[in-house]
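Structure first, then comments.
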Amino acid sequence: MTDSIPHIPVLVKESLSLFRDRNPVVFCDVTVGAGGHAEAFLTEFPSIERYDGSDRDLSALALSENRLLPFKDRVRLRHASFEEVDTLTSDGTYDGVLADLGVSSMQLNNLERGFSFQGEDHPLDMRMDTSRGMTASEVLNSLREEEIGEIFRNYGEEPLWRSAAAAVVHFRKKKKILTVKDLKDATSGVFPSYRLRKKIHPLTLIFQALRIYVNQEGAQLKVLLDSAFRWLRPGGRLAVISFCSLDDRPVKWAFREAEARGLGKILTKKVIMPSYEETRMNPRSRSAKLRCFEKSFEDK
C-alpha cells in the first residue's frame, strides 16, 4: 500500500464551528498531514490570508501540497516538528492554531511504514519523520529489558508490560525483531485467551507505546502546550484533537491551568466527540476528543 490512500479528517464540522465567529486571518495547522482540515478551513474561511501548515511526515506534506493547490497563494507548508514550529513563530502571530494528534489513517494504511500490526512482512519503522531518529525495530533490538518494559507501561499502559518486554528480549537473542511478524511471534505467548478474543488486537497498546516513544510524542505535545498560547493573538483560539488518554489528559490539564492563570477561557467545558454518524462512516474516529481554549483579549 502507498501514501496515496486518503486520510479522512475527523471532527471537521466541529472544528470549523469553533472558529466561525472569529473569521481568522492568520492560521496555524501544526499537523497538516494530507491537508483535510486545511482544505475545509480554507474553503470555509475566505478571511484566511495565510495558512501555515506543518508536519513531520514528508510524504504527507507532498499530498497536502497537491491537495491545497487551489489555495496555494494562501498556504505556506513546512517540514517541522512542534519544537521547530516554535522557533519559527513570533508571539501573537495567529488567530487560530489546530493540532490533530496521533497517527493518521493514511499512515496506518501504508503498511510499509510499520504503524499497523496488519503488515506482517513489513519493517517495524513507525517514524513520522523517516529522515531522522530510531526505528521501532532499533528500539526493540537495542534497549535493555527494563527500558522496553517502561515504554510499554508508560506509553501503552499495557498491563502485561513486564511479560511483553521479557518476551521481546528472549526472542531477540535468537533472531532480530525486524518486521511486524517478528514482533507478533515474539509476543505470541504473552497474552491470555480472553485478550485474543477481544475485538481490539492484543498488540494495540504495544504498537501505541512504540509509536509514541519513537516519535517522542509526549515531549512534542509538551512543547506545543508550553508554546501555543504564546503564538496566539488576543482572542485567538487553540483547538486540539486527541485520540488517547495519554494525549487528552495533558491537553485538559494545560487548558485548566491556563484558565486558572487568567490567560483565557476553556470553550469546550464538555469535550467534543464525534457523532454517531461520523463513527459509523469512519470507525477510527470513535476515540477522538476535541478541546478548545480562547486566549484572553487582555495581555497577562
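Each residue, glycine too, has its Cβ placed from N, Cα and C.
What Swiss-Prot records for G35, G36, H37, D55, F82, D100, Q107 is S-adenosyl-L-methionine binding site, and it gives sequence analysis as the kind of evidence.
Distribution of Swiss-Prot features across the structure.
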{"residue": "G35", "record": "S-adenosyl-L-methionine binding site", "DSSP (3 states)": "coil"}
{"residue": "D55", "record": "S-adenosyl-L-methionine binding site", "DSSP (3 states)": "strand"}
{"residue": "F82", "record": "S-adenosyl-L-methionine binding site", "DSSP (3 states)": "helix"}
{"residue": "D100", "record": "S-adenosyl-L-methionine binding site", "DSSP (3 states)": "strand"}
{"residue": "Q107", "record": "S-adenosyl-L-methionine binding site", "DSSP (3 states)": "helix"}
Residue among the binding-site residues G35, G36 whose Cβ has the most other Cβ atoms within 10 Å: G35
S-adenosyl-L-methionine site span - longest C-alpha distance across G35, G36, H37, D55, F82, D100, Q107, in Å: 19
CB contacts for Q107 (S-adenosyl-L-methionine binding site) [other CB atoms within 10 A, all chains]: 23
Cβ neighbour count within 10 Å of H37 (S-adenosyl-L-methionine binding site): 24
Neighbouring C-beta atoms (10 Å sphere around the C-beta of F82 (S-adenosyl-L-methionine binding site)): 23
Spatial neighbours of D55 (S-adenosyl-L-methionine binding site) that are distant in sequence (at least 6 apart) but have CB under 8 A: V30, T31, V32, G33, L61, S64, L77, H79, A80, M128
